[in-house]
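As given in TrEMBL:
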type     : residues : note
TRANSMEM : 12-32    : transmembrane segment
TRANSMEM : 44-63    : transmembrane segment
TRANSMEM : 88-113   : transmembrane segment
TRANSMEM : 125-150  : transmembrane segment
TRANSMEM : 180-205  : transmembrane segment
Amino acid sequence: MSSLASTSHLQLATFALGTVGWILCTVSMGIVEWRVWHVANTTIISSGIAWVGIWKVCFISYLHVSPGYKELFCRKFSGYDSSIPQEIYAAQGLLLIAMFMGLLGLTATIFALRNVYMGITHKTLITRFFLVGGFFYIFAGLCVLIPVSWNFYSVTHNQSIAFPPSYYMPSSPAAQEPGAAIPIGIIAVILLLLSGTFSLSYRFLVTTNTVTKF
């Protein structure tokens, strides 16, 4: 058992990195700060800053622009509004897939590590779980990479969004910058890809003290 467990130290790190990467993926999906817009007209957007996420847009307003919202005003993206750019809707779907794939990767890693540390020397079962987990991690990392890169490109090129009037947002900002969700997403990508690489690198060690099942 100790010899078998000694071969999976890197995969134990895989589980730790994959867990953190999956959590960061979930965090980036939930926060609104994907794009930070700086606007010149502060009549409604009192702070001059608005946050554009993948689920909603928010800003601070000291005007009563909507019932129940006196300071922080948020408007959720409804349906597939043609005025909302495709990278936002793509980010919604891809991050949901990444969260699900990352969870499957963690589950596969847990099963593989359980067999290793319980001394269950079933070579095919352990190896397959690590391989499956690695593919899930890498697929999840790529699903995060696409929306993060796409939105970062849109920010750096100062692309505008034709918001409907009900959003109280200008179509173009005076300037914009990446929000906190983008660097969080980049870290998640790195951790998930590392987890996948480490998981795929597992090699089962056959020792004279164990009976290997194929």
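Cβ from N, Cα, C; glycine included.
Caution: TrEMBL annotation is automatic and unverified by curators.
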Leading contact stretch, 44-63, 88-113, 125-150, 180-205 vs the transmembrane segment (12-32) - CB distance under 8 Å: 180-205
Distal contacts, the transmembrane segment (44-63) - CB-CB under 8 A, six or more residues away: 29, 31-38, 69-77, 88, 91-92, 95, 147, 151, 161, 163, 167-169, 173, 179, 181
